[in-house]
Amino acid sequence: MNAIQDDEVYFNALRSAGLILGLGSTFVGVGLGLRESVIGICLSAECKPDLSLTIVPFAFITASIIYSLIIFFMVRNVQINNYEAAFKFLTATLISGIGGFCSSWANGGIARYACVTKSKQKKFTTQFFLMMIFAELIALFALIMTIAYAPKTS
């Protein structure tokens, strides 16, 4: 192999690592968030069965998957022909993945406790939604940073 072929192997490896780490960390965060939220959802059902206490946390927890898919379809055709672009790609996808991980996990932790409080307190609805929204902003800011930082398609 010559140096150009070696570089292409490394570029492809960095691209694959970026996609795996970016998407994979989001999915891990969603899994952990769902696991956390189920505890609160089940405890809240003992107080007051309410379908919205299931749908709302699940929607917020899994929203980061949508952000990761947006990033995936944006960067899948990016041409990587130098190490700067390769590491920018890796960094951008990691920003997205870590943001999705943290957002989903945070929303799961919020749901674990907030669902129970929401089922006991009628006037807790606004606070419940605000907590979920602010935790979701982590993934949204990661999406924005990824879009700004990712190498552009040629």
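Cβ from N, Cα, C; glycine included.
Annotation source TrEMBL lists domain 'V-ATPase proteolipid subunit C-like' at 91-147.
Annotation comment: TrEMBL describes 12-34 (among others) as transmembrane segment.
Tertiary proximity for the transmembrane segment (55-75) is limited to same-chain residues at least six positions away from its ends with a CB under 8 Å from its CB atoms, namely 18-19, 22-23, 26-27, 29-30, 33-34, 37, 40-41, 89, 92-93, 96-97, 99-101, 103-104, 107-108, 110-111, 115, 128-129, 132-133, 135-136, 139-140, 142-143, 146-147, 150-151, 153. Look at TrEMBL and you will find 55-75 (among others) tagged as transmembrane segment.
According to TrEMBL, the feature transmembrane segment maps to 87-107 (among others).
The transmembrane segment annotation in TrEMBL covers 128-150 (among others). Listed by sequence, the residues of this chain that lie at least six past the ends of the transmembrane segment (128-150) yet keep a Cβ under 8 A from its Cβ atoms are 56-57, 60, 63-64, 67, 70-71, 74-75, 78, 88-89, 91-93, 95-96, 98-100, 102-104, 106-107, 110-111, 114-115, 117-118.
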Chain residues outside the transmembrane segment (12-34) and at least six past its termini with a C-beta under 8 angstroms from it: 58, 61-62, 64-65, 67-68, 71-72, 75-76, 80, 86-87, 89-90, 92-94, 96-98, 100-109, 111
Mean of the pLDDT scores, which run from 0 to 100, over the domain 'V-ATPase proteolipid subunit C-like' (91-147): 93
Residue counts (helix, strand, coil, in that order) that DSSP gives for the domain 'V-ATPase proteolipid subunit C-like' (91-147): 56 helix, 0 strand, 1 coil
